[in-house]
Amino acid sequence: MMVFGTRSALRLPPKSHLNNFSSFFCSQSLTLCESDPKYQHRLKKVQKLEDLLNRGRTITARRFLKSLFLSKTTFSSLCELHAHVSKPLFSDTLLWLCSVSKMLNEATDLYFSMRKDGFLPSTRSVNRLLRTLVASRHFEKTLSVFADVVDSDIQPDVITYGKAVQAAVMLKDLDKGFDLVSSMEKEGLGPYVFAYNLILGGLCKVRRIKDARKLFDEMIRRNIAPNTVTYNTLIDGYCKVGELEEAFSFKERMKELNVECNLVTYNCLLSGLCGSGRVEEARKVLLEMEGCGVLPCGFLSVVFDGHSNVAGDHSFFDGKEIMIDERTYCILLNGLCRVGRIEKAEEVLAKLVHNGVTPSRISYNILVNAYCEDGDVKKATLAIEEMEERGLQPNRITFNTLISKFCETGEVDQAETWVKRMIEKDVSPTVETYNSLIHGYGQRGRFVRSFEILEEMEKAGIKPNVISYGSLINCLCKDRKLLDAEIVLADMIGRGVSPNAEIYNMLIEASFALSKLKDAFRFFDEMVQGGIDATLVTYNTMINGLGRNERVKEAEDLALQMVGKGCNPDVVTYNSLISGYAKSVNTQKCIELYDKMKMVGIKPTIGTFHPLIYACRKVGLAEVERMFQEMLQMDLIPDRFVYNEMIYSYAEYGNVLKAVSLHQQMLDQGVDSDKVTYNCLILAYLRDRRVSEIKHIVDDMKAKGLVPKADTYNILVKGHCDLKDFNGAYFWYREMTDGDLLLNARMCSLLISGLREEGMLLEAQIVSSELSSRTE
């Protein structure tokens, strides 16, 4: 009895579709008279093929079969050949032969032709066909053939189902994969570790590591013994999501259960460690690999020390005995580069080459990428030259890495030069190549050239993708060219490229930056109506934008709306709301939101305290200090903004000692002062009436390369006026005007009035005249 529901699950067409497959080759009549010389010639060829197969000369038979079709003189199609075959056994063998010969179209059509003629292919031949289809990545066709198999009297076995499961997983249809495993077991063909390994691999590939672990636990409960592939799949999955401790726990479990750890096991662990910058731990793994015989003895010494430490051992140097696995040393090179140890990576590669290892294109691509990330394009180009000298052709990854770096640094002309060189080397530019150029020119504001590149892409037969348009829209938005960005959006939609949430997020952010709130809401509505789900970033952009534009109540309503849509607020959401209420001077609401975020388990960040401390200044110094202490208790390190807010708070409340003490603490922590810091310190000294020390602060400010601007001088002049020190106020006024800076009119009037009261009539007249000349 066949599996109920499998046919519908695989969307198998009706049986009548079999006629379509055979008609593809059999549109012409194949009926020939047996006395016809052509018939006799064909028959002899078939008999020869059958004789070769009977004698076990499979390789010769495969060559002979291919020659029959290449010549087109004897048989124009496999269907013509099949018409001369009367024995089902030979038809079945012919199907197997076509499959192993990778004649996929012919083999598939022969299968359906046999089914139409009433022949049942053997499970062996069907499995061979499915294997070849999967190996050639014809996954849809694999499932189509499998669906017909389970709908016939052919008896599928574990291999048949296994190939179907593999095809479903490769198509990322994991639900179908689970259904097939279930159907397989109902047929009494399971449980089968190979099928489970396939599903595990599919789950790990899409980072559903928790589901993969559940499936593994199910295997244990059902007494399905995991093998090395099972463990390697999970170890690799855990490494890719950064859960290295779990990965190592599975390696230890393998040892406890006597399941062999092989090169793949260790390479997965090495890749995870190196990707996380844990190079020293990677070295310990390499040492363990040596001890297990997975790496040749002395490998570590040769790589790290430059010589073998194993007396009399020549296995490392004897390429015929042991080959160093390319993936292993590439993982090591990549790991060293990722933690900034590029010179060590160079040294490792040099030692490997010295000891007989031929560097690969991948190893050079790793170095080129490392040099580019380090900003050393000269070394990157030299590495490419060395690569070519060794007979290794740079590929699209090599060129794209360098081109991307040139575009990133604004050297777009150099990038264009390398695109030409890429073409000269018969390496076609890819969509990534063009995207780098579009972004590079966009960053420089050379949008005309960006648009030209879009046209060049299409002329070259490369369709711009969402990244192509997104990069251009992003650059236009940052350049405040919202209308142009919207035109690009319309163009991409018109060309059949669907915008994603990220593109709409850019447009919404740009609209708020330009205070075009109607446009922001229009883009938001257009996005949702177009079936694109608003993401957490979308909501946060809207909430932050509304808060910045003093519409914080609407922002909070939107935060409630996002929860209703299944999108939970995060720390950015709360920070945006707190910032909005701080701007509207609603300290109570700021504190309520702060308490709420802690209550729901969201840890505040340093960005939470920026608006919070600012808002608490309106309540009093005690509340400011409470917030600062809570921040420190959360192990958050104050940044310049927090220090400036605290210094200003102390200055505002006249506590100069604490302001100065905090400034010293700031410097001790390696946080440099800026103009705001000095403005706060000046204010603190003025509030404490310590005017004699203020000049030292200004001089120190200048010594640090911070030139006082109008805001600093306004504080100085106003502060001295408030203290009735009009002589001091006039001193700073003169320094200010000598630096071509203007005191605001209100302060000028205050200064003139004070100077007259002090009897400094000449000075008052000078300020008055200079003020009058500004208004003429």
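Just so it is clear, glycine is given a Cβ too, placed from its N, Cα and C backbone atoms.
Curation plays no part in TrEMBL annotations; they are all automatic predictions.
The following features are taken from TrEMBL:
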type	residues	note
REPEAT	157-191	repeat 'PPR'
REPEAT	192-226	repeat 'PPR'
REPEAT	227-261	repeat 'PPR'
REPEAT	262-296	repeat 'PPR'
REPEAT	325-359	repeat 'PPR'
REPEAT	360-394	repeat 'PPR'
REPEAT	395-429	repeat 'PPR'
REPEAT	430-464	repeat 'PPR'
REPEAT	500-534	repeat 'PPR'
REPEAT	535-569	repeat 'PPR'
REPEAT	570-604	repeat 'PPR'
REPEAT	639-673	repeat 'PPR'
- prompt: How many helix, strand and coil residues does the repeat 'PPR' (535-569) contain under DSSP?
  reply: 26 helix, 0 strand, 9 coil
- request: Quickly jot the same-chain residues contacting the repeat 'PPR' (157-191) by Cβ under 8 Å, restricted to those at least six beyond its ends, or write none.
  value: 3, 5-6, 9-10, 123, 126-127, 130-131, 133-134, 137, 139-140, 142-143, 146, 149, 198-199, 201-203, 205-206, 208, 219, 222, 224
Message: Which sequence-distant residues neighbour the repeat 'PPR' (500-534)? Criterion: at least 6 residues beyond either end, Cβ under 8 Å.
response: 466, 469-470, 473-474, 477-478, 480, 482, 485-486, 489, 541-542, 544-546, 548-549, 551, 562, 565, 567
Statement: Residue counts for the repeat 'PPR' (227-261) under DSSP, helix then strand then coil, are 26 helix, 0 strand, 9 coil
Statement: Helix, strand and coil residue totals from DSSP for the repeat 'PPR' (325-359) stand at 26 helix, 0 strand, 9 coil
Message: Under 8 Å between C-beta atoms and at least six residues away from its ends: which parts of the chain pack against the repeat 'PPR' (570-604)?
response: 536, 539-540, 543-544, 546-548, 550, 552, 555-556, 559, 562, 610-612, 614-616, 618-619, 623, 631, 634, 636
